[in-house]
Structure formats: structure tokens, C-alpha cells
Amino acid sequence: YGINYYQHRLAVPINNQFIPYPNYAKPVAIRLHAQIPQCQALPNIDPPTVERRPRPRPSFIAIPPKKTQDKTVIPAINTVATVEPPVIPTAEPVVNTVVIAEASSEFITTSTPETTTVQITSTEI
């Protein structure tokens, strides 16, 4: 089992008069000998059905304090050192310069295109 970071809460409705809501204290007015009126003059407006309560923040979340911007921080820059761009190697095709004499002569003779002359005779009437 791990550490439970959440508060244990009972499954009891909030408006139960015997279990008070843990984050709020109800105002208590003690009048021992004074007469407490039973009927109050209520306004003609319907009261809200649900009392909105702010959610309590979990206690395990650490909220950092706000920092003041009074001090201006100037970063220290070293002006003596120069920044050189990185050298990027370029990929160039490598040409093999070793030439065999026999192979080059055969290549030259076989690579020359042959030109042939064809006579075209047209028979038009």
C-alpha cells in the first residue's frame, strides 16, 4: 500500500446537523434568558437552495511564493570568446581516378554511337 494523500471523508450529507462541516465553524449566539423569536419576517425572494462553499485546497500541493521583479538580472557574457559555427561536412561523390588502359579503350569504342543512313522513298501520286 502507498501513502494516501487525500483526506478521509465520511459518506454523510453536508446538511446534517449532527456532523458539522470540517472547514467552517457555525456562529454560536448564546442567549440564556433572552426571548428568541420563533417567526421571522422573510423577504419575498426565494432563498438559494444550495449554499456555495469554496473548495479546500489539497494540503500536499506546494505552491511557491511569488517572486518580486525588483532586481534585474544581467547575464554575464564573455566577449573575449568568439562563437564559431560548426563545420558541416558536405557529401561529395568520390571519383576513382585509377584507369585501366584496356578497359578505357574498349569503353570508348563501344560507347560511340553508330550512324546509319536509311533512304526513304515515298510513292505519291
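Glycine is no exception: its Cβ is also placed from the backbone N, Cα and C atoms.
Taken from Swiss-Prot, the feature region 'Disordered' covers 42-63.
The O-linked glycosylation site feature in Swiss-Prot is assigned to Thr97 (among others).
According to Swiss-Prot, the feature O-linked glycosylation site maps to Ser104 (among others).
Per Swiss-Prot, the feature phosphoserine maps to Ser104 (among others).
Residues or ranges marked as O-linked glycosylation site in Swiss-Prot: Thr121 (among others). In the three-state DSSP scheme, Thr121 (O-linked glycosylation site) falls into the coil class.
Residues or ranges marked as phosphoserine in Swiss-Prot: Ser122 (among others).
There are 4 other CB atoms within 10 A of the CB of Thr121 (O-linked glycosylation site), with all protein chains counted.
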